[in-house]
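S.K.: Dumping the structure here so I can ask a few things about it.
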Amino acid sequence: MAYNGSVDVNELMESLKLNESVQSLTRLDRYPPYSPFYGIMGVVCSSVFSSIGAAYGTAVSGTGISATAVMRPEMIMKSIIPVVMAGIIAIYGLVVSVLLSGELGPSTQYSLPTGYMHLGAGLATGLCGLAAGYAVGEVGDTGVRHISEQPRLFIGMILILIFAEVLGLYGLIIGIYLYTVNIRT
C-alpha cells in the first residue's frame, strides 16, 4: 500500500484484516498500533530519570567527599554513605523498568489504557528518583563537608538522607502499584 497523501479507510481496514463491524472498530480503538509506544516510554522514563538523579547525587556528594578527604582523611568511609544512597535510587528505576518491559507486547495484545498506566508508572518512578537524587546529592555534599568540622552532625545528616531517599521509594511504590492495576479490556 503506497502512501499518496490520502488515506483510504476501506483499504486500511482490509490490510489490517478487519471487517466493517463495530466490534472491529472498537478493538482498533482500544488496541491501536501505537499503544506499545506509551509502555516503552514508561520503561525509558523510569530508568533514565532515576539514573540521572542517581548520577547527580553521586557527583555532588563526591565533591563533598573530596573536600572532606583533604581536611579529615579518616572520615572518608563515613562520607561514602550519600554516594551509596544515591546509587540505590537508580535501582528503583531499574526494578520498575524490568517489570514494565516484561508486560510489553504487540499492539494487538497491548491496550492503550495499559500503555498509559505503564507510562504513568515510569514517570512516577523516574521523576521521584530524579528529585530524590537531587536531594541526596545536595544534603550529602553539605553534610559531609560539615561533619568534617563537627562530627556530631553525622546522625542528623543520615536522618535527612533517609528522608530524601524515601522520596525515591515513594515513586517505586507508586510505580509498582500502577504496574499491578488491572484495566478491564
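The backbone N, Cα and C atoms fix where each Cβ goes, glycine too.
Annotated transmembrane segment per TrEMBL: 37-59, 80-100, 115-136, 157-179, in sequence order. According to TrEMBL, the domain 'V-ATPase proteolipid subunit C-like' annotation covers 42-100, 119-178.
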S.K.: Looking only at the recorded stretches 37-59, 80-100, 157-179, which one has the largest tally of CB-CB distances under 8 Å to the transmembrane segment (115-136)?
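M.R.: Looking only at 37-59, 80-100, 157-179, the most contacts with the transmembrane segment (115-136) come from 37-59.
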S.K.: Take the transmembrane segment (157-179) and find every residue of the same chain, 6 or more past its ends, with a Cβ under 8 Å from one of its Cβ atoms.
M.R.: 46, 50, 53, 81-82, 85, 88-89, 92, 95-96, 99-100, 103, 117-118, 120-122, 124-129, 131-133, 135-136, 139-140, 143-144, 146-147
S.K.: Restricting to the domain 'V-ATPase proteolipid subunit C-like' (119-178), what is the model's mean pLDDT?
M.R.: 94
